[in-house]
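A.B. asks: Sharing a structure here in structure tokens format.
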Amino acid sequence: MANEQVLTAEQVIDKARSYLSDEHIAFVEKAYLYAEDAHREQYRKSGEPYIIHPIQVAGILVDLEMDPSTIAGGFLHDVVEDTDVTLDDLKEAFSEEVAMLVDGVTKLGKIKYKSQEEQQAENHRKMFVAMAQDIRVILIKLADRLHNMRTLKHLPQEKQRRISNETLEIFAPLAHRLGISKIKWELEDTALRYLNPQQYYRIVNLMKKKRAERELYVDEVVNEVKKRVEEVNIKADFSGRPKHIYSIYRKMVLQNKQFNEIYDLLAVRILVNSIKDCYAVLGIIHTCWKPMPGRFKDYIAMPKPNMYQSLHTTVIGPKGDPLEVQIRTFEMHEIAEYGVAAHWAYKEGKAANEGATFEKKLSWFREILEFQNESTDAEEFMESLKIDLFSDMVYVFTPKGDVIELPSGSVPIDFSYRIHSEIGNKTIGAKVNGKMVTLDHKLRTGDIVEILTSKHSYGPSQDWVKLAQTSQAKHKIRQFFKKQRREENVEKGRELVEKEIKNLDFELKDVLTPENIQKVADKFNFSNEEDMYAAVGYNGITALQVANRLTEKERKQRDQEEQEKIVQEVTGEPKPYPQGRKREAGVRVKGIDNLLVRLSKCCNPVPGDDIVGFITKGRGVSVHREDCPNVKTNEAQERLIPVEWEHESQVQKRKEYNVEIEILGYDRRGLLNEVLQAVNETKTNISSVSGKSDRNKVATIHMAIFIQNINHLHKVVERIKQIRDIYSVRRVMN
């Protein structure tokens, strides 16, 4: 899937001709021309015309052999968000289907959020809800994210790290759960390159050194197996596949091992025509080499929920090193590479029951999203979705031998509600592997779980919400209490909220006004206060969440008063600046004009950075970057105060700020000289420079430079990145 080549629209459409009819090609061409017109005069951060991006997204979807509406959605995916085009325009020009796909990947706009995190969580929730309606929404989004990751080098480093983190947390696991390994691998490897370039390039260089040795080893294995397979007249394809960089990195981190301690760096993959041949080849492999205990997995008999099927075994290979072998049919291989996309791939005359079977296989995903939708808080929604969708899984059995997949950490309560809500509600105990266990017992892969029920049970306990790990179980427990005890929940919720308000040290009469209560109920999407209190009563939302919203105005006022009091206690009566004098630091404390302010040397903030003030003892306010570790501690949080950069006209001219940067690159002759020359071209003064190289030929250059503002810094960083063999450039703290 990795592909640095920039495709033209003509190349994408020519690729699509290999499997689409002329009528559908005309539909796709129309979508491209519409997008080209809408994005005219728009450019990306790289400086290239914006339409290049939708073309590449559509190209990725064509590689997956998607249907015409999905490809059209790829061309059009940004027109509603970034141009004057509306969803109604798309419905009229194309279809309801195309408009729905574009809407699913369009971010929420024109709504104010408290934080970027909240906005991002709301955008993700919207996307996942749309995805529950049509899985093609996420295929377009994954193609969009894949191309954005391929062009990440054009963005500032902070944004690169944020997007890479989000990719590893959400999009790569999602590609994995949907079985699209081609996209998953590239997303993971690219994200690692930006998050930990030193380790990434170290692994790359080490793998390059041993490539020839590995290829000889694979040839030896393949030749031996090929000879045996041909003897029994089985047709097979063989390939040696090196492990992906991110999977090696994860293994090094999780197992606390060095690269030279990781032995299974490659796998041999064998593709055959039938399931019978898969097991026959497995027998041949185990005849040639001794299998390692506990390393055989039969995903043919027990497919993964993302529809992946294969036989995996690890044997002690010819030279005594572990060797992983994967055996599957050609059809299984298509599913392994393209997952859910293989089922959506455009096929003339696709059988109706085939689609229905596929929909049934993905019903688990829709169920999870349905339970997630109950949450009124978008960030809470995303956190619990990560648990249900993206955490490691355990596979347990019912007494009849059916396999149930649950997130790691699940307990018998999660199991019982996964079977049926009535079984969950009537649960009185559980047996695991024939032994009685408590309801908070952690389940492990291979456990046989039996749920004990009683028709005389009064239902679940409120405490079960805290014990359960899955959203499905939590949702069903809350639903039970919601239906059974509304009046009781309303009264209980009201008492809990009032108790929290008192704990926050506010008077109930000042806070619980009808206008304020209704305003907060609206914020939580409840039609009235009783619904809100009932939700608190059955643990739908917490009393503290409601109390915090109810006291928001009063807390801000109290915080301001306490802040002013701390300033007076800590700094005494600061000397006012002489009338008309401009501040040297260029920073002012919000709401207070006469405090001594200085820039901290630990993180060296510069104009344009997000900053915060720290109240020192007797030395005024020290200004730090918001991401400075020194202001992240619990102790520091109590002494923070809002500050802001002043306009240039109010500042005594301070021409230069000291900033340190770290440059990683391939250690070759002349590299340092080229870096110094590049910095000089940006008219930037250098105060110090040092460099070192490790045995993997990775050069690390530390440089202190004087810059005027954040834009000046970005200019320097971008210029250095243009140098051949530079891996990364990042700003560092002392």
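Easy rule for this one: first residue shown is 1, then count along the chain.
A Cβ is built for glycine as well, from the same backbone N, Cα and C atoms used for every other residue.
Feature list, courtesy of Swiss-Prot:
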- 552-567: compositional bias 'Basic and acidic residues' (COMPBIAS)
- 50-149: domain 'HD' (DOMAIN)
- 392-453: domain 'TGS' (DOMAIN)
- 660-734: domain 'ACT' (DOMAIN)
- 552-584: region 'Disordered' (REGION)
A.B. asks: Mind tallying the domain 'ACT' (660-734) by DSSP state, helix then strand then coil?
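C.D. replies: Result for the domain 'ACT' (660-734), in helix, strand, coil order: 23 helix, 33 strand, 19 coil.
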A.B. asks: Helix, strand, coil residue numbers for the domain 'TGS' (392-453) per DSSP?
C.D. replies: 13 helix, 25 strand, 24 coil
A.B. asks: Can you check how the pLDDT averages out over the domain 'TGS' (392-453)?
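C.D. replies: Over the domain 'TGS' (392-453), the predicted model scores a mean pLDDT of 88.
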